[in-house]
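Reading through the structure tokens given below for one structure.
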Amino acid sequence: MYEKILLAADGSENSLRASVEAIKIASMNSECKVDIIYVADFAKSKNEILHTQGKEALDFSRRQKLIPIQELLQAKNIPYTTNILRGEPGPTIIRYANEHAFELVVIGSRGLNALQEMVLGSVSHKVVKRVNCPVLIVK
Amino acid sequence: MLEKIKKEWFSNVRADILAGAVVALALIPEAIAFSIIAGVDPMVGLYASFLIAVTIAFVGGRPGMISAATGAMALLMVPLVKEYGLDYLLAATVLTGVIQILFGVFKIAKLMKFIPRAVMIGFVNALAILVFLAQVPHILGESTVTYIFVAITLVIVYVLPRFVKSIPAPLIAIIALTAVTLYAGIDMKVVGDLGGITKSLPEFFIPNIPFTFETLAIIFPYSIALAIVGLLESLLTASIVDDMTGTDSNKNKEAKGQGIANIITGFFGGMAGCAMIGQSVINVKSGGRGRLSTLVAGLLLMFLIIVLGDLVVQIPMPVLVGIMIMVCIGTFDWSSFSYLRKAPRSDAIVMLTTVIIVVATHDLSKGVIAGVILSTIFFVAKIAKIRVIEKQGDDFIHFVIEGQLFFASVEEFIDAFNYTVENRNIIIDFTESHVWDDSAVGAIDKVVLKYRERQNIVTIEGLDSSSEKMVEKLAIYKKTNTISN
């Protein structure tokens with residue numbers, strides 16, 4: 001089974017569901033490592049700086065979002081690492097996944113309708129199209 | 001040192017040049033629009049953008065950040081330009097630079113962290129509202145074609161980026177709509193109607209002002225306001241670029257750099273400027289990280305003006321207005337509406353007060369100062385809440401003090417006790433409190449002495465070491481420890 005899984009998460013409900021699936025797959029192989037990444041979105045940077053007092057508080061609030069996911073992994077004794085990346089979510093996840101030769105990418109889907117998808121753009125669709133390994137999208 | 005230069009300038013050459021080019025194109029309409037807001041020729045803003053960007057590329061403290069002529073600064077200049085003219089503005093620009101260098105030298109930039117979030121949110125919102133209001137006169141009362149052109153511009157800048165990503169949409173709007181206007185011969189107000197474009201490099205000259213105390217008295221208030229607002233926006237922008245790139249910047253160096261840039265621009269006929277949030281975000285998004293991106297943005301802007309100056313004056317005003325509306329929408333913090341509902345009431349009031357004062361006075365610095373003062377008052381009021389909890393024992397009364405004891409809370413402290421008891425053992429417990437100043441010690445004295453008047457025995461306990469020291473040194477009750485009378 002897979003030994004190197006990338007879990008792209010933003011702390012949302014969808015990403016929690018994706019984590020549960022990632023754990024199911026990872027538990028099948030005791031050698032499997034999960035790399036959790038969170039993308040600090042360029043488009044939200046101004047807003048987050050304005051609404052957080054200082055750099056440390058902002059860094060903390062980002063790490064905090066991943067705590068529930070880390071707890072899930074810890075509970076199942078799955079080795080993991082956490083990374084906070086910066087950029088536009090789609091392209092950043094794709095670049096990271098392709099550079100580090102993952103065997104599987106797991107990502108949640110926000111479940112946008114056609115209009116929202118046109119305006120907001122679907123991160124998971126972009127990832128599926130351009131990542132060079134299998135992608136599991138979790139609804 | 002060499003390693004640092006190499007990293008800051010040449011570690012990202014290709015992407016820096018491309019990003020710089022994108023920014024140069026985005027800077028031109030803004031520099032022109034901000035000149036119009038300030039009431040000066042477009043060249044004043046264009047020269048400022050060229051000179052500030054190029055200077056900051058070398059002396060700024062945040063590589064990859066874009067500084068140029070800005071709306072926040074332009075808005076502050078309006079009354080000065082109207083009453084005294086361009087030369088006074090240039091002199092004020094130089095003085096602004098001098099003040100900013102002093103801010104940098106005395107590390108005042110560090111104090112910026114004391115400006116609360118609510119004030120900063122109010123600042124960007126007020127800025128967006130003022131820049132938007134400055135566009136309204138160019139739309140209302142003009143022809144129907146004006147409305148149509150503004151609308152088309154907005155459609156282009158918001159819809160096109162979904163399909164075309166490589167070319168900035170505002171540039172497409174400008175080229176397409178200027179071409180349409182020229183070919184169809186539509187009669188519309190163009191940039192050229194509001195001032196000319198000089199196709200030459202800026203030249204050094206000393207502003208033509210009388211060097212008297214009177215002149216200083218005129219420009220000084222403007223320069224102070226410009227210096228504060230310029231630094232505020234620059235440091236906010238630097239934090240955003242820090243966050244986007246995950247790197248650190250030197251805030252005091254940036255303050256000094258802004259100062260040097262403003263001094264130079266003032267002597268070369270440009271208006272005061274500062275860092276720009278929108279343009280810096282565009283730069284980083286386009287891949288710009290190093291100093292080269294800022295330099296390219298400035299140089300290319302000047303080159304384009306010299307080569308294409310004749311076409312720039314043909315840009316229809318409604319297109320420029322449309323682009324500025326987009327800039328306002330981008331500047332405004334739209335999460336403010338949920339902030340107003342969710343944030344503590346006092347923060348919401350500070351934010352609204354900042355916005356209202358800026359919009360009423362058209363002066364960003366006044367709003368910021370009012371916001372800071374108001375939030376300080378709220379903070380003191382909040383921290384001045386003190387509670388005295390009374391616990392009756394068999395042969396004693398135990399008072400537990402919760403909160404900070406200082407000048408603002410002493411009155412509440414003194415009034416919280418019941419002084420009618422007689423012949424009792426009274427314990428006042430300061431474990432959950434801290435004694436800050438003379439008036440706090442005075443208040444403790446007053447309470448102790450009042451109880452002693454009625455033959456009570458008072459014990460003070462639980463003081464932390466610094467409170468203890470202060471009480472030891474100042475309290476009177478210690479010196480008259482027997483029951484009086």
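Using the three backbone atoms N, Cα and C, a Cβ is placed for every residue, glycine included.
Remember, TrEMBL labels are computer predictions, not curated facts.
The domain 'STAS' feature in TrEMBL is assigned to B:399-485. As annotated by TrEMBL, transmembrane segment applies to B:43-60, B:88-106, B:118-138, B:144-160, B:167-186, B:216-238, B:259-282, B:294-312, B:319-337, B:349-381.
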For the transmembrane segment (B:294-312): best-contacting stretch of B:43-60, B:88-106, B:118-138, B:144-160, B:259-282, by Cβ pairs under 8 Å: B:43-60
Average model confidence [pLDDT] within the domain 'STAS' (B:399-485): 86
Contact call for the transmembrane segment (B:43-60) and the transmembrane segment (B:349-381): at least 3 Cβ pairs under 8 Å, seq gap 6+: no
Long-range neighbours of the transmembrane segment (B:144-160), counting only residues six or more past its ends (CB under 8 A): 138, 169-170, 172-173, 176-177, 186, 188-189, 316-319, 321-323, 325-326
Stretch with greatest number of CB pairs under 8 Å, the transmembrane segment (B:216-238) reference, B:88-106, B:167-186, B:319-337, B:349-381 candidates: B:88-106
Long-range neighbours of the transmembrane segment (B:88-106), counting only residues six or more past its ends (CB under 8 A): 38, 40, 44, 77, 80-81, 207, 209, 215-216, 218-220, 222-224, 226-227, 230-231, 252-267, 269-272
Positions on the same chain near the transmembrane segment (B:167-186), where near means CB under 8 A and six or more residues out: 22, 25-26, 29, 145, 149, 152-153, 156-158, 160-161, 282, 311, 314-316, 319, 322-323, 326
Helix, strand and coil residues within the domain 'STAS' (B:399-485) as assigned by DSSP: 32 helix, 23 strand, 32 coil
